[in-house]
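Over in TrEMBL, the protein carries these features:
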| type | residues | note |
| --- | --- | --- |
| COMPBIAS | 26-45 | compositional bias 'Low complexity' |
| BINDING | 117, 191, 216, 246, 250 | substrate binding site |
| DOMAIN | 251-412 | domain 'S-adenosyl-L-homocysteine hydrolase NAD binding' |
| BINDING | 282, 283, 284, 285, 286, 287, 303, 406 | NAD(+) binding site |
């Protein structure tokens, strides 16, 4: 069954009584004030009077129209964004330079579904430089930076994505990437599992011929393990999410910095003394709690896992059930990867002007569908911010319709994404070049040696110098001087 329900199209908003004057005003403000900022580029740029990108005939300067983006004319602006991102992704660039000669991905036809931002563009162009052909779509309807998608299309990547797609557009874009005459994918790079799910369901013959899948999110990995358990995964897959360089860096440090950015840009909220509940104390939850605590917020944590709950207690957070604190908290943040963590019952009991948002990959954590009922009024107050108004006048502030807050409403730190992107590139190279039989039809973790290699590529940015073991010390520890230093289970 399809696990991820997408918010209905923008038209949904017209069903609810709303101040039309306010809407058009907020559109014009958000247009002018955000045109120069890619990250904030408001999803109200998909305004009702504009033609859908699917209806437009666009070609790049080489005459190709094998793409579908918002506006190909923004390519130059997008190229600048990508060049800025390259400055902070030195490890990926050095991998590109090292492997450019031998082209380890020559013959690879990669179909990808990730967030389309300046940072992922650096990854996509690295894969192309290493010999791959790429076709790409977006794994989130709000996180695409339109000008970056245009720059990729201009550079010859078949990219199908724009900010503010409808659910129908979302699946259409994925389908256009996979279904192309005379071109058949042999590798999948996925974030969230939607692309893998689509190929598995719609194109079983293509799925059987895939040489490897690389997946980077908790949600997508969970879906891969489900397929594997059912004996239906007929290709090897690499679980990048649980590799040390993704889990301990992207999930923790990236969220620690971007949670505040997303909340500040959308609500201008003051955190000192605010009561916040963070659902889930995995790596993402740990990052969010650390940032909120540092600004003086009173933080509660909900957990199902006694180990994570004990960590939260030792870090100074009260571990509670959501129902115990829901009446008093000012902000609710979900980061569990689960579904229906915040239910309609919780939403009904929240206090006036409580802010609700999600930091998990999937948009199933907050039951947004239950809010689309006639007695509630939706008011779009600015891009990605909805006030949901109860009959008694109480408002709840919902951000990005329950989708990923940081990628929908702000940007994420480039440097940390470089770590994940390098890991993804190495996982693709590893699976694509693995001799027959090395990887069976199962889900694998990235070998520790490669994790350590990714980390070492990033150390020069900090001018960090590693100590080397003497032969005697290496023997004493039972380690190879060059690693791996961590056991496989770490």
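Cβ atoms are placed via backbone N, Cα and C, with glycine included.
Separation of the C-alpha atoms of residue 216 (substrate binding site) and residue 284 (NAD(+) binding site): 14 Å, rounded to the nearest whole number. Looking at 246, 286, the binding-site residues in this record, the fewest other C-beta atoms within 10 angstroms of the C-beta turn up around 286.
In this structure, the CA atom of residue 285 (NAD(+) binding site) is 12 Å away from the CA atom of residue 250 (substrate binding site). Cα to Cα, residue 246 (substrate binding site) and residue 303 (NAD(+) binding site) are separated by 22 Å. Sequence-distant contacts (6 or more apart, same chain, Cβ under 8 Å) of residue 284 (NAD(+) binding site) comprise 251, 252, 255, 335, 359, 360. The Cα atom of residue 117 (substrate binding site) lies nearest to that of 283, taking the binding-site residues 282, 283, 286, 303 as the candidates. Ranked by Cβ neighbours within 10 A across all protein chains shown, the binding-site residues 282, 285 are led by 285. Here the C-alpha separation of residue 191 (substrate binding site) and residue 406 (NAD(+) binding site) works out to 15 Å.
In this structure, the CA atom of residue 303 (NAD(+) binding site) is 21 Å away from the CA atom of residue 250 (substrate binding site). Here residue 250 (substrate binding site) is positioned 12 angstrom away from residue 282 (NAD(+) binding site), judged by their C-alpha atoms.
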